[in-house]
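Engineer: Found this in TrEMBL, in case it helps:
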- Lys96, Arg282, Arg283: substrate binding site (BINDING)
- Met131, Gln159, Lys181, Gly182, Ala183, Thr220, His221: FAD binding site (BINDING)
- 41-293: domain 'Proline dehydrogenase' (DOMAIN)
Amino acid sequence: MITRNFFLFLSQNKFVKTKATKWGPKLGAKSVIAGETIDEAMKTVRKLNERGLTCTVDHLGEFVYNREEAIESAEYCIRTLDAIAETGVDCNLSLKLTQLGLDVDRNLCRDNMMRILETAEKHGNFVRIDMEDYSHLDATLELLHELRRRFDNVGTAIQAYLYRADKDLRELKGTNIRLIKGAYKESPEVAYQKQAEVDRNYFNIIKTHLLNGSYAAIATHDHQIIDQVKAFAKENGISKDQFEFQMLYGFRSELQNEIAKEGYKMRVYVPFGEDWYGYFMRRLAERPQNVTFAIKGLLSK
Ligand code: FDA
C-alpha cells in the first residue's frame, strides 16, 4: 500500500515529472510505451495485429490547462484516426477528456469530442473515453450521455472500485463499456479499499453488463477474473461477439496470445507519445513488480 501511494503521489508531482521526463527511456518506460510518434505507434499496432491482436491507441497527455493545448490535442486525435484509416490497421482510439479541455471549458471539450467522433464515424471507427479520477466522473458521464444522443461509436470505462459503479453501468445499458478495477487513489467515502471487495464488485458489474445484452470490454491482467468470465459466458450462452478482453501493451504478452488463439477478441491498449510520465507511474503503483521494468531500464546500457 505504501508503494502504491508513493507512485500515485509521484504520478501527480510536477517537479519529479520535469526531472524524470528526460530519464524516460532509461526508467524502462520503453517496454510499455510504443514510441513517441503516430508512425511509431502504427508500426507497433501492425506487429500486434500480425499476432492476432486488435488494438486501441492512446496518445499520452493529461491535464491540459488552456484552450490551445486542448484544441491541439483534439487535432492530434483526429490525425491519429486518419492514420489508422490510411494504414488499414485494426485499431480504435482511447482518449482522456482532460486532454480535450474538460477542466478548461466543458463546451470546448464537447466540441472537440464532436469533431473527433465525426472523424471516427467517417472512418467507421470507435472512440473510448478513458475514465479518470473521481473528480471527473460526473462530468465524463454527463458528456458521454450527451454524445450518445448523436453518436453510437463512443463509450467509456467504469471503475469497479467505486460503490456507484453498478448504478452508473445500468444507466449505460446498450453502450460499449470497458470494465476495469480502477487505477486512481480514491477515498473510502466513494470507493472500496480492499482488493477482495474490488474484485467481487468487478465480477458483479461484468455479469450485470453481459446479462443486460450489452457489449463489454473486460480490461484486466487478472487471469482468475478472465477464467471466471470465460466460464460465465459459456454457462449463460453469451457469444464471444458480445465481449472482448483488453490488456496493456507490454503486460502479460503470452496470456494475450493465448486468449487470442482461443478465439476471443483480445485488444491491446497501446500508449504512445512524449507525455508518458503519469501513465508509467500509475502502472508502477498498481503492481510493484513492474518496478523491475524500471530497474532493468536503469541497469541496461
Ligand atoms: P490486478 O493488478 O488487480 O492484478 C490481479 C492479479 O492478476 C495479480 O494479483 C496477479 O496474480 C495477476 N497479474 C496482474 N498483472 C500481472 C502481470 N503484469 N504479470 C503477471 N500477473 C499479473 N483504469 C482507470 O481508472 N481508467 C481507465 O480508463 C483504465 N483503462 C484501462 C485499460 C486497459 C486496457 C487496462 C488493462 C487497464 C485500464 N485501467 C484503467 C487500469 C485498471 O483500472 C487497473 O488499475 C489495472 O488494470 C490493474 O488491475 P488488473 O485488473 O489488471 O489486475
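Placement of Cβ uses the backbone N, Cα and C atoms for every residue, glycine included.
If you look at the structure here, what lies around each of the features I listed?
Structural biologist: Mapped onto three states, the DSSP output places Lys96 (substrate binding site) in coil.
Note: Gln159 (FAD binding site) has non-local neighbours Met131, Ala165, Ile180, Lys181, Gly182, Ala183, Tyr184, Ala191, i.e. same-chain residues 6+ apart with C-beta under 8 A of its own C-beta.
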Engineer: What binding-site residues in Lys96, Gln159, Lys181, His221, Arg282, Arg283 place CB under 6 Å from ligand 1?
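Structural biologist: Near ligand 1, sequence order: Gln159, Lys181, His221.
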Engineer: Note down the number of other Cβ atoms within 10 Å of the Cβ of Lys96 (substrate binding site), including every protein chain shown.
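Structural biologist: Around Lys96 (substrate binding site), other Cβ atoms within 10 Å: 22.
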Engineer: Measuring Cα to Cα, how far is Arg283 (substrate binding site) from Thr220 (FAD binding site) in Å?
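Structural biologist: That comes out at 13 Å between the alpha carbons.
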Engineer: Please work out which residue of Met131, Ala183 has the most C-beta neighbours within 10 angstroms of its C-beta, and give that one of the binding-site residues.
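Structural biologist: Compared across Met131, Ala183, the most Cβ atoms within 10 Å surround Met131.
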Engineer: Using Cα coordinates, what distance in whole Å links Lys96 (substrate binding site) and Thr220 (FAD binding site)?
Structural biologist: 19
Engineer: Using a 10 Å radius around each Cβ and counting other Cβ atoms from all shown chains, which of the binding-site residues Lys181, His221, Arg282, Arg283 yields the largest count?
Structural biologist: Arg283
Engineer: Within 10 Å of the Cβ of Thr220 (FAD binding site), how many other Cβ atoms can be counted across all chains shown?
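Structural biologist: I get 20 for this one.
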